[in-house]
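All remarks here apply to the structure that follows.
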Amino acid sequence: MRALWVLGLCCVLLTFGSVRAEDEVDVDGTVEEDLGKSREGSRTDDEVVQREEEAIQLDGLNASQIRELREKSEKFAFQAEVNRMMKLIINSLYKNKEIFLRELISNASDALDKIRLISLTDENALAGNEELTVKIKCDKEKNLLHVTDTGVGMTREELVKNLGTIAKSGTSEFLNKMAEAQEDGQSTSELIGQFGVGFYSAFLVADKVIVTSKHNNDTQHIWESDSNEFSVIADPRGNTLGRGTTITLVLKEEASDYLELDTIKNLVKKYSQFINFPIYVWSSKTETVEEPMEEEEAAKEEKEESDDEAAVEEEEEEKKPKTKKVEKTVWDWELMNDIKPIWQRPSKEVEDDEYKAFYKSFSKESDDPMAYIHFTAEGEVTFKSILFVPTSAPRGLFDEYGSKKSDYIKLYVRRVFITDDFHDMMPKYLNFVKGVVDSDDLPLNVSRETLQQHKLLKVIRKKLVRKTLDMIKKIADEKYNDTFWKEFGTNIKLGVIEDHSNRTRLAKLLRFQSSHHPSDITSLDQYVERMKEKQDKIYFMAGSSRKEAESSPFVERLLKKGYEVIYLTEPVDEYCIQALPEFDGKRFQNVAKEGVKFDESEKSKENREAVEKEFEPLLNWMKDKALKDKIEKAVVSQRLTESPCALVASQYGWSGNMERIMKAQAYQTGKDISTNYYASQKKTFEINPRHPLIRDMLRRVKEDEDDKTVSDLAVVLFETATLRSGYLLPDTKAYGDRIERMLRLSLNIDPDAKVEEEPEEEPEETTEDTTEDTEQDDDEEMDAGADEEEQETSETSTAEKDEL
């Protein structure tokens, strides 16, 4: 009887436990429905329920409330440029849709940077929500993806302006750059983030985008769009965010893969692991937990115990409840970027792949960097920095050079992002360098303008430049010549012109073409190593192309004697060399100017003086008579071997190449006094005494210095030398006339012979092809003849009447 009573009691207990389990299922099911996640996972405890309530809700409104909300919302049309831009993004990036998440997280990070910066001077800025995070949640059941940040948020006006008009988005420039990239066949995905239009990439995967935002200075609003138009309305739920923005994407059918946790996690790690704020993903994991055993299981286990001594000891101790280990699936926010800021870690602990991944993350580039340097500067100011040289030059690198801010150096103070809008963080010529600078010595609670004038920034700038030049210097020669110089060579030349304190360092980075090799470029160090034994100058020749420079009459004797000549073929090259007075103790010599001299023996000197005396009549005649108003003086040349003559500038005058450049600039800006002055400077006319034309001219001048033919020949030689020396002729028509006159004389044609007049053309008779047309013409002629006869008869009668 007693056994039956015990058995009945056990049944009651089992039934009660079953009811409790069913109740727990119902409670957990409600929580799951609220979160929009799968019902297949194990149930969660009360602590997790509280965390789930912090998860992002879709609307908190039923279907009828949502419909009413949309009916009352204010409708807006996108600007035409924004509409065009969205279509361009969707059409050009459809194969790289995943970048939408990178852009949304990047925008969230920017919003967090802004509120953190505001909080430095406004202690109430974080009152609505002190947490600075990005949270991502997938809702498979409702086909929704949420991205929430606790950043600065947007007011109603900002929602309209930032997400619907061109004023804030940089759309116009983006469209131009996008078109250029497509024409060049280059990747366009990195352009999205660079021009602040990354938000619109959400439409790559979403049919509809809903933005809920709360700014400290406004109530919470909802922005909604299907890419055709957008609407904005006050959120009837009130302030559910505290502060920040939630972007909800209603995903397209083919984009359902972005609701998979593994996909989202991989994308966050791929693109955003170096974001400076924690990124959480609402995800599940399996945990092993201890649960109390039921009484029947516990009793069974006790019976299986065979150790009597253990049993005795257990009886003596206070009996503990029996437990068992079970696996349970729980949901929680999982941190995806728990990596310490890479620049705060010792460089020895950072792998090469980590640097590359960080570069791509913060620069929004798709290629690996060409070079990088990670260092800690100590002394007057302490800071940590990582600097990168990109593989290719940014688009528009020299557009409005010096007037546009550089966005490539990000300044942090005590890990707090301050700005990327400093004009003087790096010199203009290093505007391609990207990186971060983090200092503990700069003040936090001051304005950007005040910080920009801080004396420590000048110290930081100086060290950044030195480290950048060290980084560039370490690039391997082959990679430097083939890649770096092609992309950034002009920047180095501008640095020589602008940066006096680092001119010597920059000079070692210069590369030019030279006569040493038909295609390879050379450094100045290599040139100096190859100089002839008694050569004391570095020779260079400037021209619009290598072909023009190496065919110039100025390099004839130099090349024949085995001297190497550097060819300057870019407009900035001659400015660069002028700013560099010497290199390694060797001065530069422009071979198109006065001052080119060669070592000569005593006998050579005597021969030269004898030749000068022999040609003195011709030289004086040219200077005082034939070319009186055109040249400063005429001399026997030491640099010509094949050409009859050349026009040489003074040491302070302009070469032909420089004059051409300056005149082109003058036409754009309007001529100034200095341009006119240098352009009007007379030059030295050098003649080649061994050339047959010059020798014959000497003979003719000795015979008759008033011979007009010889005078014309002298002027033609001067004008030809002007062109061959790289200068422009002021009167090309007169030059053409003189050439024609010389040709007439060479062909024994009378200089005054006129051009034959063209004969007058007689009107052509038209012949009709068809018989019908001919007959019609005959009829018309007969009618016309009859009319003429009648007219003559009438005129005759009138005349007779007049006589009577």
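Using the three backbone atoms N, Cα and C, a Cβ is placed for every residue, glycine included.
For the ATP site, Swiss-Prot lists Asn107, Asp149, Phe199; matching the candidates Asn96, Asn143, Asn162 against that entry yields Asn162. Per-residue confidence over the motif 'Prevents secretion from ER' (801-804) averages out at a pLDDT of 37. In three-state terms derived from DSSP, Lys479 (N6-acetyllysine) belongs to a helical segment. DSSP assigns Asn162 (ATP binding site) to a helical segment in the three-state reduction. Per the record's binding annotation for ATP, residues Asn107, Asp149, Asn162, Phe199 show a top Cα-Cα distance of 17 Å. What surrounds the ATP site, by Cβ distance within 8 Å of the Cβ centroid and not counting Asn107, Asp149, Asn162, Phe199, is the set Leu104, Ala108, Asp110, Ala111, Met154, Leu163, Gly198, Val211, Thr245, Ile247 from the same chain. DSSP classifies Phe199 (ATP binding site) as helix under the three-state reduction. All protein chains considered, the CB of Asn162 (ATP binding site) has 19 other CB atoms within 10 Å.
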